Amino acid sequence: MSPFILATLMSALGIGTAITLSSSHWLIAWVGLELNTLAILPLMTRQPHPRAVEATTKYFLIQAAAAATLLFAATTNAWITGQWEIHQMTHPAPATIATLALAMKVGLAPTHFWLPEVLQGLDLTTGLILSTWQKLAPFALLLQMPHQNPTLLIILGLSSTLVGGWGGLNQTQLRKILAYSSIAHLGWMILVLQFSPSLTFLTLILYFAMTFSTFIVFKINKSTNINSLATSWAKTPALTAITPLILLSLGGLPPLSGFMPKWLILQELTKQGLALTATVTALSALLSLYFYLRLSYAMTLTTPPNTPMGLSPWRLHTSQATLPLAISTTTTLALLPLTPLVTALFSP
């Protein structure tokens, strides 16, 4: 792909997200979502591999169905109430349909089935965009909508945390593990969305930093499955020492940054009288922590396979820029002591 086409597609991706973020009208927000979807499709097929084509087709069909459902919900709300504003979606029926459509767009359970298969068919760079940037616009709409059905959000959140934990247990492909990790983290965000939107936004930002670090580490090591992680110690020994901390931060283990949003979300759920929901959510985090520990074990405590030295991928120095990884890794590991400052910045 030529640099001009790549720059055009990335610009369209950014413009589509910016349109949705800045809009208060459902039609304009829908246009931004569609522009966002159409811009990423050529990026997904940069490598003309059958798996990439299959993943792009699945992604297009799911996103088109979700966008059509969202437009139907907005039109229904305008027909019933006469309002096209996002803040004025007050009727329960279109609000529920719109919430489910946005849940399908980001990959919340039980509408999550497309996400692991699509992410598995993409390269790590496009998978990073799909796991981070593509969630901004739907979440902006979820944050703006008035939520008339709190039970629906709790069901979506609990099912996502449980599915994200159970689904990743038996996986050997790193992209599928990261997909189930995404589903679990989105469940935490949805659970607290109706009580504290600022906390949801904080969790989303920290999830972006942790996921960015994980994808870049796997990209530098050229790892796509657990077995290939075993050779990373000889290619990048310093990075291999830090990577388990990144993975444990994704799992929410103190004293790393990933513990902060889980701690605050459990505290908020308890304040709202949802002690049982908080307990089930905390227990589901143990499932996710198990496969993060499994990845950490594969990177640090296993020996590389006995391959001929001519085929060995280690001893090859990477030419990729590591400054973004250094910044995101620092954010991933060291923000917990700054919890009061961070919560003050994100509080309304």
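A Cβ is built for glycine as well, from the same backbone N, Cα and C atoms used for every other residue.
Because TrEMBL annotations are produced automatically, they should be read as predictions rather than curated entries.
Annotation source TrEMBL lists domain 'NADH:quinone oxidoreductase/Mrp antiporter transmembrane' at 23-287.
Residues or ranges marked as transmembrane segment in TrEMBL: 57-80 (among others).
Remote same-chain partners of the transmembrane segment (151-170), defined as residues 6 or more beyond its termini with a Cβ less than 8 Å from a stretch Cβ, comprise 96, 99-100, 103, 108-110, 112, 116, 176-177, 180-191, 193-194, 274, 277, 280-281, 284-288, 290-291. Per TrEMBL, transmembrane segment is recorded for 151-170 (among others).
Annotated transmembrane segment per TrEMBL: 177-195 (among others), in sequence order.
Positions annotated as transmembrane segment by TrEMBL: 201-220 (among others). Non-local neighbours of the transmembrane segment (201-220) in the same chain are 124-125, 127-128, 131-132, 135, 139, 143, 174, 178, 181-182, 185, 188-189, 192, 236, 239, 243, 246-247, 249-250, 257-258, 260-261, 264-265, 318, 320, 322, 324-325, 328-329, 331-332, 335, 342-343, 346; each lies 6+ residues outside the stretch with a CB under 8 Å from one of its CB atoms.
Residues or ranges marked as transmembrane segment in TrEMBL: 232-253 (among others).
Here TrEMBL flags 273-293 (among others) as transmembrane segment. Tertiary proximity for the transmembrane segment (273-293) is limited to same-chain residues at least six positions away from its ends with a CB under 8 Å from its CB atoms, namely 154, 157-158, 161-162, 164-166, 168-169, 171, 177, 180-181, 184, 187-188, 191, 247-248, 250-253, 262, 265-266.
Sequence annotations record features per position, and here TrEMBL assigns domain 'NADH dehydrogenase subunit 2 C-terminal' to 289-342.
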Average pLDDT across the domain 'NADH dehydrogenase subunit 2 C-terminal' (289-342), rounded to a whole number: 74
